[in-house]
Amino acid sequence: YRLTYYTPDYQVAETDILAAFRMTPQPGVPAEECGAAVAAESSTGTWTTVWTDGLTQLDRYKGRCYDLEPVPGETNQYIAYVAYPIDLFEEGSVTNLLTSIVGNVFGFKALRALRLEDLRIPPAYVKTFWGPPHGIQVERDRLNKYGRPLLGCTIKPKLGLSAKNYGRAVYECLRGGLDFTKDDENVNSQSFMRWRDRFLFCAEAIYKAQSETGEVKGHYLNATAGTVEEMYKRAAFAAQLGVPIIMHDYLTGGFTANTSLAMYCRDNGLLLHIHRAMHAVIDRQRYHGIHFRVLAKTLRMSGGDHLHSGTVVGKLEGEREVTLGFVDLMRDAYVEKDRSRGIYFTQDWCGMGGTIPVASGGIHVWHMPALTEIFGDDACLQFGGGTLGHPWGNAPGAVANRVASEACVQARNEGRDLSREGGDVIREACKWSPEL
């Protein structure tokens, strides 16, 4: 492999798709051979020379390992940079992109471990994707909510409620001041609550809360299903009800289904909330798998208006700088290379709409100052137990979250330092909000 696929003098083309792999070779295997093997197995190579190699322009189509750098503080571990010609990939297909780059190479015998840390998607390839159904600005215009983070709540217990009781919980949360409530990722259409019943009772709750508060409300109706045809049926029913947003579990549902659903949502005026169920199976290991920043980039290309991104401060894992790195990759139009935040390549999104990061998992009102400071306005903060665990009930829990959020936003706008004064801001708000 090394003679053909390791090319340290290669000049990267503007149209190349670039990958950064964290690579741990087996003992005794040279890093150059491993890097070349990764490039070969994820592009044109196989385990031996075949006569049909002579029938193609190998130099035009092969992947190239063009740089290797040792990982500081680790023994026998390298970052391998691989460049892939754009012609290797089908236009507008995240499925084909991932099948090529990570589909086969991770089981390679010469490697102890392999992790895809980052991808550079060139403008020429970015422009073949539709991206999010609507994007951040269109969502704010449709909801008529500006200048603050959006607030949500996952209805608990996640399984076992009847549709009517579920709808009641949705209504209480929305009436109290939240913008959204959410189906949990494993709420689909079980025997205790069929999807059509849930959609109807949740729509009733949304319209009742809207009429009482004068604000646009939404509930992430999970359209994920066992078949794409059934998923379309659920999305179509949501559109008929006139609700603003539906939801999809994009990793368990698959990228092909997700891209199809995103196109349906764009055509039918639905926002699309994306849950990342199963992500930790892929991204939690430090040395093997795919980093979540890659999953976030590919989701933005496939299509999603919201994506769960970790909290930095709650019950789930997430390092602050690294989390902020992929949050920027979800939201911003142009992101510079910054290795301190785990961003290996400069990424130009060419005007593609942004995806709102969703902070969810073990957060409550005392986290509000930190969340406001870390995520800024273009985020959705979701408090499940932090709303429903209020001793007075769901609606007072929602009131407490809304009051805390608006107090933190006002304090920030007045120039106060939320990292130092956050506790004082919440205590001051408590004086005039008994729910908080």
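Just so it is clear, glycine is given a Cβ too, placed from its N, Cα and C backbone atoms.
Database features (Swiss-Prot):
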ACT_SITE  LYS156  active site, proton acceptor
ACT_SITE  HIS275  active site, proton acceptor
BINDING   ASN104, THR154, LYS158, ARG276, HIS308, SER360  substrate binding site
BINDING   LYS182, ASP184, GLU185  Mg(2+) binding site
MOD_RES   LYS182  N6-carboxylysine
SITE      LYS315  site 'Transition state stabilizer'
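Following the DSSP three-state reduction, the secondary structure of HIS308 (substrate binding site) is strand. The local packing around HIS275 (active site, proton acceptor), expressed as other Cβ atoms within 10 Å of its Cβ over all shown chains, amounts to 28. Within 10 Å of GLU185 (Mg(2+) binding site), counting C-alpha to C-alpha distances, fall the following of the recorded positions LYS156, LYS158, HIS275: LYS158, HIS275. HIS308 (substrate binding site) sits 6 Å from HIS275 (active site, proton acceptor), taking the CA atoms of both as reference points. The Cβ centroid of LYS182, ASP184, GLU185 marks the Mg(2+) site; residues of that chain outside this set whose Cβ lies within 8 Å of it are THR154, ILE155, LYS158, ASP183, ASN186, VAL187, TYR220, ASN222, MET247, HIS275, given in sequence order. Most Cβ neighbours within 10 Å, among the binding-site residues ASN104, THR154: THR154 holds that distinction in the structure as shown. The substrate-binding residues named in the record, ASN104, THR154, LYS158, ARG276, HIS308, SER360, extend over a maximum Cα to Cα distance of 37 Å. In this structure, the recorded positions under consideration are LYS156, LYS182, and the one with the smallest number of other Cβ atoms within 10 Å of its Cβ is LYS156. Here the CA atom of ASP184 (Mg(2+) binding site) lies 11 Å from the CA atom of ARG276 (substrate binding site). Other C-beta atoms found within 10 angstroms of the C-beta of SER360 (substrate binding site) number 24, with every protein chain shown included.
Cα separation, LYS156 (active site, proton acceptor) to LYS182 (Mg(2+) binding site), rounded: 10 Å. With LYS182 (Mg(2+) binding site) as the anchor, the candidate recorded positions are THR154, LYS158, HIS275, and the one with the nearest CA is THR154. LYS182 (Mg(2+) binding site) falls within a strand segment according to DSSP. Annotation for ASP184 (Mg(2+) binding site): spatial neighbours THR154, ILE155, LYS156, LYS158, LEU159, ASN222, criterion Cβ-Cβ under 8 Å with sequence separation of six or more.
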